[in-house]
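Worksheet: the structure to be examined is printed underneath.
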Amino acid sequence: MTRKYFGTDGVRGKVGDAPITPDFVMRLGHAAGKVLAHGARTGQGKPTVLIGKDTRISGYMLEAALEAGFTSAGVHVLLTGPLPTPGIAYLTRALRLSAGVVISASHNPYYDNGIKFFSASGDKLPDAVEAAIEAALDEPMVCAPSDDLGRARRIDDAAGRYIEFCKSTFPYEQDLHGLKLVVDCAHGAAYHIAPPVFHELGADVVAIGNQPNGRNINAGYGATAPEKLIEAVKANGADLGLAFDGDADRLQVVDADGRLYNGDELLYLIVRDRQAAGQAVPGAVGTLMTNMAVELALKREGVDFVRAKVGDRYVLEELNKRKWTLGGEGSGHLLCLDRHSTGDGIVSALQVLGALRRSGKTLAQLLDGVKLFPQTLINVRVQKGFDWQTHAGLQAARAAVEPELEGRGRVLIRASGTEPVVRVMVEAEQAEMAERAARKLADALGA
């Protein structure tokens, strides 16, 4: 089913351009109130939603618009102010609310923003529910009678509740005493959350990217720009650096030598730590982009590996379908469903730190069994509407290349969703092998 407004992670765009305008967001709140809240079980007595945001300047405007939309539909609203996306998921479930809403564009620049929803159980909405909200958007917006309007109020203990939840996912018998951490909050929603979490567990914390001004979120700091973190780890003689993005649902880690570890490697580490603790891990879920070295390493440890479409929502769907608990993406979205219902950068960092504490080893030592395969990516510009899947020359080249890579590499070809480009990606044990195969495939397309 084609969706008009919802993408892979809610509704997102440039502030001031449709659909991220105050009038549309108010109508979105009203439509979502009708679909999500009415009839939902709630501990508040009346349908009630939780609204949180990151630190973008536009969050004030969009928060007010959502508040108007929900209350006009007869739904109560609780406002948290700036809080990581996974914190909203947790509190929605913990407070027994009808739904949760986050105003954030995650790792995007400050001039973008978005709206995403969580169900009463703290899960991302399935496609069918998003389609129902879109259908409700096409209906006239009819305000509830005055006696039925919702109320809005701020809750003051949201940050403290979420900090305690994060700490509860770290083994009680362990602590972080003697560990020096640099924590990069991307000037985003974790600025007042992440440093206290690690400090209260005993770490010596150096916080950077923790002075949001509404316009500096993700700007040169955070999981998508780790250079400042690498510098700070070295300058402070820290043991580790942790980088979150603007809404703190993704994680990148830097060791004392300045080496950066991505989500693929961290997923492997968490799986192996669960096994070391005596837990059965039947399988893990990655995406089409997960490095093949991780897949092979997991299979050597008896762990099945499945690839989902790119996007943490699809990783989550695959995990739920198989009743597995661990999955993630190279970008740093990591899912530990035995700890939280959604991807959580802070909780993921605590799982990594727990593995280090339990093993007494360094990151490099724990990941010695995973040497990421080199990747070669070639973007081939094509005519609009070009069907690469039936291109005879490409199919012939692929048939020649793939047997050479079997067990030592793989091919991924996909069309860009935003421009007339076909992306040819090859990864292999040796860089030369990947480059040679990618060039052969790109040449077949006429690059």
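Cβ from N, Cα, C; glycine included.
SER106 is the only one of SER98, SER106, SER119, SER416 that Swiss-Prot places in the Mg(2+) site (with ASP245, ASP247, ASP249).
Here the C-alpha separation of ASP245 (Mg(2+) binding site) and SER106 (active site, phosphoserine intermediate) works out to 7 Å. Here the Cβ of ASP249 (Mg(2+) binding site) has 32 other Cβ atoms within 10 Å, regardless of which shown protein chain they belong to. Close to the recorded Mg(2+) site, the chain also has ASP54, PRO84, THR85, SER104, HIS107, GLY188, ALA189, PHE244, GLY246, ALA248, ARG250, GLY345: residues not among SER106, ASP245, ASP247, ASP249 whose Cβ is within 8 Å of the site's Cβ mean position. When the alpha carbons of SER106 (active site, phosphoserine intermediate) and ASP247 (Mg(2+) binding site) are compared, the span between them is 5 angstrom.
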